[in-house]
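Per TrEMBL, these features apply:
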type	residues	note
BINDING	128, 129, 130, 131, 181, 182, 183, 184, 185, 186, 187, 188, 189	GTP binding site
BINDING	262, 267, 269, 275	Zn(2+) binding site
DOMAIN	79-238	domain 'CP-type G'
DOMAIN	88-236	domain 'EngC GTPase'
Ligand SMILES: Nc1nc2c(ncn2[C@@H]2O[C@H](COP(=O)(O)OP(=O)(O)OP(=O)(O)O)[C@@H](O)[C@H]2O)c(=O)[nH]1
Ligand SMILES: [Mg+2]
Ligand SMILES: [Zn+2]
């Protein structure tokens, strides 16, 4: 008889497939394919040796000898895997950025967008805390929204009632979606607003209970609009130096659209003559802010120390 993680396999054990919807304290919670039942499982020891640990969003095979507990035995090949937040097979990412408290800089928004694009995931913007703006800040935020819409990104805001939004439904249906962004920007709040039963703890709720700030500590998929939407812990240090510098322009859509028209095939859009990107910048078709973000990220990548075993 085989032994896995100290658990003896026995005759009652059955084989199942499902998707990991939550990972917490060494347990993986799997929604079984046929019944939708949730099994609490552990990973098999040898995943760790292979440097392959199960992630939320993974499709897995598992064995269980009762309705509740089991053991993950295999992870299906992934379409992609985000390290931060740790979610696999992601189709769509809501970049959540607060316009105040904390005010998120456009440079940081651009950085998150490049990170998401580089993983082959479709980004969408959600701007929160518009209700806290003073009158003279409103115009700046309107410009920000217009800028990203012109590039082609869908932009949602906290001013909209999204709980019944058909546009949002069409975007989310049948997809694995993550909310990405710094801590405190309102990811859990946004998700609560669109969930059929919005009961995720947010800072406000725990303040009322006198327990101080509530911050999300694990990733979890929730059923919403016919898709799976992950609330995840916030993070702000995004490493982009795994991106080859010559590929960076692939991840800014308005640069990507023009790069074929630059005179030099390896154009970095900085010092070269007859650069279509710089021409578009001069003509006001590419924004100075996006161009500055690009140059800053390019220089950061170019000056990064070469690393081995960089994550993809
Ligand atoms: N006024 C206002 N407050 C908001 C809005 N969105 C979120 N908040 C508040 O901002 C605080 C942080 O919100 P959370 O939803 O917990 O933030 P989070 O992004 O999930 O943070 P982490 O879980 O730490 O990553 C809470 O007090 C929310 O009530 C908004 O649109 N307007
Ligand atoms: Mg949260
Ligand atoms: Zn160029």
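From the backbone N, Cα and C atoms, a Cβ is placed for every residue, glycine too.
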- Message: Using only C-alpha positions, which one of 128, 130, 181, 185, 187 is spatially nearest residue 267 (Zn(2+) binding site)? These are the binding-site residues in the record.
- Response: 181
- Query: Roughly how many angstrom lie between the C-alpha atoms of residue 275 (Zn(2+) binding site) and residue 185 (GTP binding site)?
  - Reply: 37
- the domain 'EngC GTPase' (88-236) resolves under DSSP into 54 helix, 33 strand, 62 coil
- Counting Cβ atoms within 10 Å across all protein chains shown, which of the binding-site residues 130, 185, 262, 267, 275 comes out on top? 185
- Go through the binding-site residues 128, 185, 187, 267, 269 and pull out the ones with a Cβ less than 6 angstroms from some atom of ligand 1. 128, 185, 187
- Query: In the same chain, which residues outside the set 262, 267, 269, 275 have their CB within 8 A of the centroid of the CB atoms that define the Zn(2+) site?
  - Reply: 258, 259, 263, 264, 268, 270, 272, 274, 276, 277, 278
- Could you check which of the binding-site residues (128, 130, 181, 183, 187) sits closest to residue 262 (Zn(2+) binding site), going Cα to Cα? 181
- Item | Rounded Cα separation (Å) that holds between residue 185 (GTP binding site) and residue 269 (Zn(2+) binding site) | 33
- Restricted to the domain 'CP-type G' (79-238), the mean pLDDT of the model is 89
- Message: Tell me the coarse DSSP state (helix, strand, coil) of residue 262 (Zn(2+) binding site).
- Response: coil
- Can you list which of these binding-site residues (130, 183, 185, 187, 275) have a Cβ closer than 6 Å to ligand 3? 275
- Message: To the nearest Å, how far is the Cα of residue 130 (GTP binding site) from the Cα of residue 269 (Zn(2+) binding site)?
- Response: 35
- Output: those binding-site residues from 181, 187, 262 whose CB lies less than 6 Å from an atom of ligand 2, in sequence order; none if no residue fits. 187
- Neighbour count (Cβ, 10 Å) for residue 128 (GTP binding site): 24
- Note on the structure: Across all protein chains shown, the binding-site residues 187, 269 give the max Cβ-within-10 Å count at 187
